[in-house]
Amino acid sequence: MASGMEHLCPAPMKATSNGIFQGDNPLDFALPLAILQICLVLVVTRGLAFLLRPLRQPRVIAEIIGGILLGPSALGRNKAYLNAVFPPKSITVLDTLANIGLLFFLFLVGLELDLKSLRQSGKKVLGIAVAGISLPFALGIGSSFILRETIAKGVNAPSFLVFMGVALSITAFPVLARILAELKLLTTNVGRMAMSAAAVNDVAAWILLALAIALSGDNLSPAVPLWVFLSGCGFVIGASLIVPPIFKWMSRRCHEGEPVDEMYICGTLAAVLAAGFVTDIIGIHAMFGAFVIGVLVPKEGPFAGVLVEKVEDLVSGLFLPLYFVSSGLKTNVATIQGIQSWGLLALVIFTACLGKIVGTFIVSLLWRIPKREALALGFLMNSKGLVELIVLNIGKDRKVLNDQIFAIMVLMALFTTFITTPLVLAVYKPAEKARKSDYKHRRVERKNPNTQLRILACFHSSWNIPSIINLLEASRGTERGERLSVYAMHLMEFSERPSAILMVHKARHNGLPFWNKGQRSANHVVVAFEAFQQLSQVSVRPMTSISSFTDMHEDICITAERKDIAIIILPYHKNLRLDGSFESTRPDFHLVNKRVLEHASCSVGIFVDRGLGGSAQISASNVSFSITVLFFGGRDDREALAYGARMAEHPGVELTVIRFLLESDSSEEIVRIDTVSPTLVSADEEFLADFRTSISKDSSIKYEEKNVRNVSETITIIHDYSRCSLFVVGQMPNGVVAVVLSQRIDCPELGPIGSFLTSPKFSTTASVLVVQQYYDQSYSISSQQMV
């Protein structure tokens, strides 16, 4: 910031003012000025992030642009504003706060990197990572010769070469992870390879950066960079020997679901600062020490997750944006003047993109990755973001990069990150790739009931799992397990928070969404489904959807389409309380359920769990469920009955089917309703005739017809069956009784009968499955029986 300073040594600022009433200007004091700066930064960066959200850009883009706008490139052209809000004497305080934020952010980045998964990265990922570093590094060195001949005369040659190489070869791992999540690519092959290659790239880049810093000191002796580098290596080796045993001891004393001792958190944060202090003494940047400590913290157990939760909001939300402003104040786009400067900017952008994209693309093709995926990988590896800014800022502080080169490189980082999302979307759309030609069994009701039933069972948390598994066990039907194929999807919310990346690592490490047959997993979710698979001989594939609530339904619907699913089972968005009533703990899931019902290309069931089979998974031989299907008429009720009939094949299941018929002398309450379509009635009669023929020799199925005159009689009959284990009902029954009941509907996606069965007025311990049959509008109603 020397360019904006009137004198080199501004008078030090006092910390706090006495207030305007005693004649003090708060902006002349460090604390009130820092508060104003932080508030301004937050408003600008969050506002830009909101504006850029429709473009699906990561938040880092908004923060870089915000920093540039607040600096001398835009608002800072007004000298009165710059001297009032960002005076030269305040920059030291701002930079100190920004670097503390950076220190802890690099600790979080280290926590996100799982060395075990890096060691397990195959030759393919390693090849892509090496190509993604070496070619851009070589091109960076090549372009540095051109820059030194033109706008960077007189700089330290070795350090400038290395800085340029690192700046062009880096891939921002944290930014890439968020772009992948935004594009719903985290759990695809491309996403897996990009994440692993970027992690390898990141580690290599930090090592190269340490080398660049070692070379960039203001010294004449060639021995000094060597001492710096050797001391840095000594620090890493010493930390690797001392730190992991201590953290493993802490991690063993932290148990899932229990609060972590505050002493351990304080000790870890102190260790981060101490490591930063040591690396700063050595002559490498303090953030390098913080990063090393983050990498060495064990990722197993709850300890790492708790650390991230404690640190991330304050760091990512408050301190880190200051780093972007600190960069923005050093960036003056006005220094890029004339055809030569703009030509050099174009050259730097071209070489950066060429090295990353072409290098990754060629190596990916050599590993026989499809062209579109290889191109998408190249674009993804080209994202820069925050990590690039760190490199550039260190180069600027070390006088390796002058104002003009710094501005050129910041714009290059901004451009390469900005184009990542649109370019990947242009060449690679897994959602479209998943769209197949029409598959046959999109519902449970079908001509041949002996065909395989494919279910996508979704759950939010571990408390859903025992009941879901018990429902699936009942759905298995006969002893021939191959007639049921289950995909169990864990629905997890993804956010901008660093802990979301840790969550992705844990999901992948535990065999989700990729079935890990080779080794037993410690994850209770996978263990539960592994046990169910072995006991029931049913094909079970656990998977994870990690996405924001706004597009979680897309994950569910695309997976159902891709896996030829007949019915999706979703958990009800409310939890059962001890008094038997329901409370909404995550209302966001309500929206997810509604959208799945709207967009799914197969049948959908919403499972209202009141503890089906108790709180534990039960074995096939111990299944003893009494299931009641309430049949009023219509395709949803036919689907419910088809599902009930399938469950009745299980030796431990007793099925009761209650068909409600309207008496001719019914009361006015019902007569006012229009009669139902005769076509639907004939479809119901045909379906029921087939059903009654098929159950004539089955003693475990009871079929009863009940004549009712009004709603109160209907409710009384339903009450008689309240002691069953599970009600299976259609979402939108067509009978006139159901239409009257719908006037009291509480939850539209449960329909009239489902709403009544889950209301506080109806006392029961029975769980409820509300079924909506898939209906293709292009088919006529009469063809609904066909499959």
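Every residue gets a Cβ built from N, Cα and C, even glycine.
Automatic, uncurated: that is what TrEMBL annotation is.
Keep in mind that this is a model prediction, so the values were computed, not measured.
The feature transmembrane segment is assigned by TrEMBL to 29-48 (among others).
As annotated by TrEMBL, domain 'Cation/H+ exchanger transmembrane' applies to 48-423.
Long-range neighbours of the transmembrane segment (60-76) within the same chain, counting only residues 6 or more positions beyond its ends whose Cβ lies under 8 Å from a Cβ of the stretch, are 3-4, 40-41, 44-46, 48-49, 51-52, 82, 86, 172, 175, 178, 320-321, 324-334, 385-386, 389, 407, 410, 413-414, 417-418. As annotated by TrEMBL, transmembrane segment applies to 60-76 (among others).
The transmembrane segment annotation in TrEMBL covers 96-113 (among others).
Annotated transmembrane segment per TrEMBL: 125-147 (among others), in sequence order. Residues of the same chain lying 6 or more positions beyond the ends of the transmembrane segment (125-147) and with a Cβ under 8 Å from any Cβ of it are 160-161, 164-169, 171, 193, 196-198, 200-201, 204-205, 208, 344, 347-348, 351-352, 354-356, 358-360, 362-364, 366-367, 377, 381, 405.
If you look up TrEMBL, you'll see 159-181 (among others) marked as transmembrane segment. Below 8 angstroms of C-beta separation, residues 58-60, 109, 112-113, 132-134, 136-141, 143-144, 147-148, 152, 191, 194-195, 197-199, 201-202, 205, 208-209, 211-212, 215-216, 348, 351-352, 355-356, 380-388, 391-392, 395, 398, 400-401, 409, 417, 420-421, 424, 494, 496, 498, 500-501, 504, 546-548 of the same chain, each at least six residues beyond the ends of the transmembrane segment (159-181), sit close to that stretch.
Under the heading transmembrane segment, TrEMBL lists 193-214 (among others). Packing against the transmembrane segment (193-214) from elsewhere in the chain are residues 109, 113-114, 117-118, 121, 124-126, 128-129, 132-133, 137, 159, 162-163, 165-166, 169-173, 176-177, 180, 185-186, 225-226, 228-229, 232, 283-285, 288, 291, 360, 369, 377, 380-381, 387, 391, 394-395, 398, 400, 504: each is 6 or more residues past its ends and has a CB under 8 Å from a CB in it.
Among the features that TrEMBL reports, transmembrane segment is placed at 226-247 (among others).
Residues or ranges marked as transmembrane segment in TrEMBL: 268-297 (among others). Distant neighbours of the transmembrane segment (268-297): 99, 102-104, 106-113, 115, 206, 209-210, 213-214, 217, 224, 228, 231-232, 235-236, 239-240, 243-244, 247, 250, 303-304, 307, 311, 390, 394; these residues of the same chain sit at least 6 beyond its ends, with a Cβ under 8 Å from one of its Cβ atoms.
Per TrEMBL, transmembrane segment is recorded for 342-367 (among others).
Per TrEMBL, the feature transmembrane segment maps to 374-394 (among others).
Same-chain residues lying 6+ beyond the ends of the transmembrane segment (406-428) with a Cβ under 8 Å from its Cβ atoms: 55-58, 60-61, 64-65, 68, 73, 167, 172, 175, 179, 182-183, 185, 190, 327, 330-333, 335-336, 341, 344-345, 348-349, 352-353, 356, 372-373, 375-376, 379-380, 382-385, 388-389, 392, 395-396. What TrEMBL lists as transmembrane segment is 406-428 (among others).
The feature domain 'Cation/H(+) antiporter central' is assigned by TrEMBL to 483-622. Per-residue confidence over the domain 'Cation/H(+) antiporter central' (483-622) averages out at a pLDDT of 76.
The feature domain 'Cation/H(+) antiporter C-terminal' is assigned by TrEMBL to 624-775.
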In terms of Cβ proximity under 8 Å, which residues at least six beyond the ends of the transmembrane segment (96-113) contact it? 34, 38, 173-174, 177, 199, 202-203, 269, 272-273, 276, 286-288, 290-297, 299, 304, 307-308, 311-312, 315-316, 318-320, 322-323, 325-326, 386, 390, 498, 501-502, 505
